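Novice: After the structure tokens below, expect a handful of questions from me.
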Amino acid sequence: MKPLAAPANHGVLGQQEKQSLPADFTKLHLTDSLHPQVTHVSSSHSGCSITSDSGSSSLSDIYQATESEAGDMDLSGLPETAVDSEDDDDEEDIERASDPLMSRDIVRDCLEKDPIDRTDDDIEQLLEFMHQLPAFANMTMSVRRELCAVMVFAVVERAGTIVLNDGEELDSWSVILNGSVEVTYPDGKAEILCMGNSFGVSPTMDKEYMKGVMRTKVDDCQFVCIAQQDYCRILNQVEKNMQKVEEEGEIVMVKEHRELDRTGTRKGHIVIKGTSERLTMHLVEEHSVVDPTFIEDFLLTYRTFLSSPMEVGKKLLEWFNDPSLRDKVTRVVLLWVNNHFNDFEGDPAMTRFLEEFENNLEREKMGGHLRLLNIACAAKAKRRLMTLTKPSREAPLPFILLGGSEKGFGIFVDSVDSCSKATEAGLKRGDQILEVNGQNFENIQLSKAMEILRNNTHLSITVKTNLFVFKELLTRLSEEKRNGAPHLPKIGDIKKASRYSIPDLAVDVEQVIGLEKVNKKSKANTVGGRNKLKKILDKTRISILPQKPYNDIGIGQSQDDSIVGLRQTKHIPAALPVSGTLSSSNPDLLQSHHRILDFSTTPDLPDQVLRVFKADQQSRYIMISKDTTAKEVVIQAIREFAVTATPEQYSLCEVSVTPEGVIKQRRLPDQLSKLADRIQLSGRYYLKNNMETETLCSDEDAQELLRESQISLLQLSTVEVATQLSMRNFELFRNIEPTEYIDDLFKLKSKTSCANLKKFEEVINQETFWVASEILRETNQLKRMKIIKHFIKIALHCRECKNFNSMFAIISGLNLAPVARLRTTWEKLPNKYEKLFQDLQDLFDPSRNMAKYRNVLSGQNLQPPVIPLFPVIKKDLTFLHEGNDSKVDGLVNFEKLRMIAKEIRHVGRMASVNMDPALMFRTRKKKWRSLGSLSQGSANATVLDVAQTGGHKKRVRRSSFLNAKKLYEDAQMARKVKQYLSNLELEMDEESLQTLSLQCEPATSTLPKNPGDKKPVKSETSPVAPRAGPQQKVQPQQPLAQPQPPHKVSQGLQVPAVSLYPSRKKVPVKDLPPFGINSPQALKKILSLSEEGSLERHRKQAEDTISNASSQLSSPPTSPQSSPRKGYALALSGTVDNFSDSGHSEISSRSSIVSNSSFDSVPVSLHDERRQRHSVSIVESNLGVGRMERRTLMEPDQYSLGSYAPVSESRGLYAAATVISSPSTEELSHDQGDRASLDAADSGRGSWTSCSSGSHDNIQTIQHQRSWETLPFGHTHFDYSGDAASIWASGGHMDQMMFSDHSTKYNRQNQSRESLEQAQSRASWASSTGYWGEDSEGDTGTIKRRGGKDVSAEAESSSMVPVTTEEAKPVPMPAHIAVTPSTTKGLIARKEGRYREPPPTPPGYVGIPIADFPEGPCHPARKPPDYNVALQRSRMVARPTEAPAPGQTPPAAAASRPGSKPQWHKPSDADPRLAPFQPQGFAGAEEDEDEQVSAV
């Protein structure tokens, strides 16, 4: 189940303040399967593909060129044109990624259908989308489903439109999906309703009237409306569907009758709520077909309403005595042990319960069930490490052992002295000893084991409960006593069972194979003998196992989910067996196959290589397996070296060199295994003659060893780094117990304290700061660029490994402000890597609740292992928890718990693999050319996956026999990577990173300081938006804005990817009648809104769809936004600092994690009444001015996924000039607006944690800075009445929980610094990087001027998460700021050292100077051509080396913009609008310099 709500950004109704609301519903649509009808999923459909779907990866050349077999060769110095033929492919792929197909908004499509045309699938889509809105809180799923079936979609385009008048009769119940409305009551009070809130009739047919006047606050408000009659019918029908169970006059349980489809075949009663006692009793009652997962859901979530598991345990033992309930009780216990064995381990009371239950099963002769129980315990038991010390070697052992390889078993504990230290350490009967002091005990003779245990006083013992095999051992021993001879079973001894469940098959076959091997080579019959078993399972899996493989259910859906009636949207070939498919009497005991068949053990084939030296420094490569012992290696080495001696005369020694140069030598025990994993980089294995005392390693060799062990990132293979990261992440992810999610979510105390969950949470921080630390510690600029390139490649490989967590962390690290500001370093990055990086960022586009990422995650080809982005998981769970009450009418709300359990099951399924994940990641990395695509979107990727995890793997192994040296070098690279990752020194302090960044590329200041300015303490610590293309220097004394010739730019990083979704512009509806019933018929207005919206949407789709490629390949220096417009800059007393590049283009970080600073240009069609505006540029007089000591208060949302970089710091840096005065309200299409995320750039603190669903969180509320617009002339009026914190919607707060350590560090210590300069400096900033088309998004919490009216944002806060009072203190702001007419026409400039020059202007986009353009409404004919078209033309037109002279119009420009008179304009010194800036040394620039200022 995939909850799709996102963190809140708007106000909530009344007591629902604690509930979080989705940020923007257009950003929150479902992405389960964009194209169910498409079998060939092209890269554009995948949402993240950077390659084509042609069947051979367009990136293969990169990997051929850069991933040499021995490691990673850097060929960046070679001429790119000759080698990098994939450039063209990449460009083509990036263009394909902007395929309009990607813009399908499934939920929107479903909403726009006529209700009678909606299918069951459509209703499920809407249900999943709507079910977390506060308006639907505490409604049952069936009521929500009914409402979704009849709802009508309506859109009100303009802000300020009256929706309902006071006293108007209401005819519907409506829910706001996007935007916000304000209700003004007759007494003057006002209330703001935001996304997720509802208004309208109550569920009666009585006439009701509107109180107050309702107006839209923002453009593009979207509603769903349910007619009064339907609403009344559905809600009243609920009562009829409810079955209330009463005891002694009190309601103890409420069930609801549900029909899961329209066929009527799946219907029954499902538990909605009940008392804890009654819910427990329901465990052994009959469950209907619509509630198949009640037991699993209960066993996972009982801890939220019961204080102890023994409350359930006692009842189960009591019910076991009732023969009619016995089978059901047994099933519950089996499921409990199988799903949550951690409830029993370490809990003495529960362990006793389990023992008592086993005794009951034995007493009742329920052998089959007992066997299943033992299998489950063995499969689910965790390894435990305990340390024992003996006073002396002669001291007796406090336990008795059984087994040994001579009997075909491992070493088991038969009894433990009751008062010994071993008992205290947790050793108990039935434990299998796996390892002692590093020596493997799984295949060892009992006498040898006893010898090792006796000869050591310090014992580090790894054990695991394995009652199943222990009981087999006891049975065997008793048989031997009776028969007087050891019994070696043959294959025919397999128990003749009529039917094998998965566990039966697995362990029986395993047992036989293990015992059969005894004659040939002693092999423990533990959960081992596993390799042949796996082969048999591989061959028999599809035919023997129940036929419900992934092609029926997929990762996101188990058998139980499909019964419950969830859509089956994922079609995955039948490659892997799946849990949850056994009959109800034999519950699935192999939910995670690796748990029972220890799949983490690699095959028993010689797939590892050791390099063994002799004293004369000769060496040989020896093939071994993981279980090969040191003694066996000696035998092989003697054979390889052709030594004529017996193995007893030689031993294996490990020689290692410490960092100080000390040579250490030790003899390895004969039984030591896992030799390939134990050797260090600074160590070697030597074959030593026991009779001689020769020096094995000379000082020179030791120095060489030491040198080899010193590694840097650039020496490492990117494929191997990605593989190791993925293995490490997957191991952490797989170890998270389902109960940990519950404990963490409900803040429950548990014995494990969610340790695994915390580790997985923390890894994303570590990897983010690892990237920044590695880059910023490199002083050489060229090497720094290579490191960036290296990380981009690692992120690409992480995507190939489906490791989204590390991929996101690396992207976030590259976007941390200290890294992002390294302009000259980024300029050196080859274009293809910029484009690849852009594409990687695009996958994590936060808009629409991370729709692109979710698309990929739920894609048809995605099989486990998958490492999902953890903050998204956490956000989804938090929404379910906080959006629904835990108790309703005094009863436990089990419907809520069922939703949470389903989400946790879905997450857990991503980690359920049936083979060693290391092997999966490794085979994956070999398949570039066959897979066809780096993304998971390639049509035949899955089939190839399946084929190649078998076939290709063998090919690798076959070649390894031929080339042991190659295999050794691969293993050595893996060792290097492991050592590198384990020895990382991370710089987690942002201040230190910023200092390092300034040392790499010092800040430069070329502009004089304004005398009246108060300079902040630091001028250059502010994080900046990522690179924006090479810039040209501003020369202080040259006239402003000389025409600049277009320059070649690096194309990938300068512009964030533009939205791939079409804009949702709707025709203005100011002339439509209001919502009320004065329309000729009920709902007429709603329907007309809906229809008109739909028509307009299709009409404008082509016009407004923006090409992803356009943003990456070219962004004009002059403003191509619609027609010319005036962007009035506020240059108050020189405080305008750090403007975005020439103020010309759309702020749209569709894909950037920290948005890039050169903006996308978005064509927007204008209406006649639209005012002409120009973006103009001003140059700041002093680099430090307005630069605050902004170690900002991290609000919960600044940790939100939407706000990839907390914006508070640098939002101010893009000064007011980019804010556009908007008397008209159609500035940008909605979608473009809501993707226009900031050029964000805080230090990136929090960029990784992001969890918010809406990209407009990015620009949502700039902490302590309000976005305001200047009036065309005169004063700008501030109406700041909201407190700073409340403006943010804090849906991302769960990340604050996750990563709170990092945020609080700054919260307190910097408040004082914050306030010092707010009054002087913050007041003069416009947080311009809010939206360019800010009118289209009302939830940004900014104060807007629409249609000449100031709109205050104070109540738009709506966070479900309460903001603490400390964080929510209002910040003093000046009430008025004087803006003179001259300052309002200031110009934007970019500060040197932060931005790069914008890309060349496509033909057809030429700036129109202010002086030459008349004020007032524009001519309707003035409209730019489609930007994509212009862009395509620009590629075919030779770029001039000289800028056109004033008065000249390029022919393409003239042709493409009829009616306009574009020309370059050099403002005269006398131009009054520039007067205030003349003394500040505004400069034009020469073409060969680094920063460019363009005046439009």
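Here the Cβ of each residue, glycine as well, is placed from N, Cα and C on the backbone.
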Novice: Name the residue among Ser202, Ser1022, Ser1222 that Swiss-Prot annotates as phosphoserine.
Specialist: Ser1022
Novice: Going by Swiss-Prot, point out which residue in Ser1119, Ser1123 is annotated as phosphoserine.
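Specialist: The residue tagged phosphoserine by Swiss-Prot is Ser1119.
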Novice: Starting from each candidate's C-beta and looking 10 angstroms out, tell me which of the recorded positions Ser180, Thr644, Ser806 has the most other C-beta atoms.
Specialist: Ser806
Novice: Which residues of the same chain, at least 6 positions away in sequence, have a Cβ lying under 8 Å from the Cβ of Val150 (nucleoside 3',5'-cyclic phosphate binding site)?
Specialist: Pro115, Ile226, Ala227, Asp230, Ile234
Novice: C-alpha of Met210 (nucleoside 3',5'-cyclic phosphate binding site) to C-alpha of Ser806 (phosphoserine): distance in Å?
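Specialist: For Met210 (nucleoside 3',5'-cyclic phosphate binding site) versus Ser806 (phosphoserine), the Cα atoms are 52 Å apart.
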Novice: Find, among the binding-site residues listed as Ala135, Met195, Met210, Lys240, the one whose Cβ has the highest number of other Cβ atoms within 10 Å in the structure shown.
Specialist: Met195
Novice: Using the alpha carbons only, what distance in Å do you get between Lys240 (nucleoside 3',5'-cyclic phosphate binding site) and Thr644 (phosphothreonine) once rounded?
Specialist: 91
Novice: With DSSP assignments reduced to helix, strand and coil, which class does Met210 (nucleoside 3',5'-cyclic phosphate binding site) get?
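Specialist: Once the DSSP labels are grouped into three classes, Met210 (nucleoside 3',5'-cyclic phosphate binding site) ends up as coil.
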Novice: Comparing the binding-site residues Asn165, Cys225, which residue's C-beta has the most other C-beta atoms within 10 angstroms in this structure?
Specialist: Cys225
Novice: As a quick check of your reading of DSSP, tell me how many residues in the domain 'PDZ' (385-470) are helical, how many are strand and how many are coil.
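Specialist: Across the domain 'PDZ' (385-470), DSSP assigns the residues as follows: 22 helix, 32 strand, 32 coil.
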Novice: For Cys225 (nucleoside 3',5'-cyclic phosphate binding site) and Ser806 (phosphoserine), determine the Cα separation and express it in whole Å.
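Specialist: Roughly 42 Å, rounded to the nearest whole number.
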Novice: Within the domain 'N-terminal Ras-GEF' (267-380), how many residues are helix, strand or coil going by DSSP?
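Specialist: Within the domain 'N-terminal Ras-GEF' (267-380) the tally stands at 78 helix, 8 strand, 28 coil.
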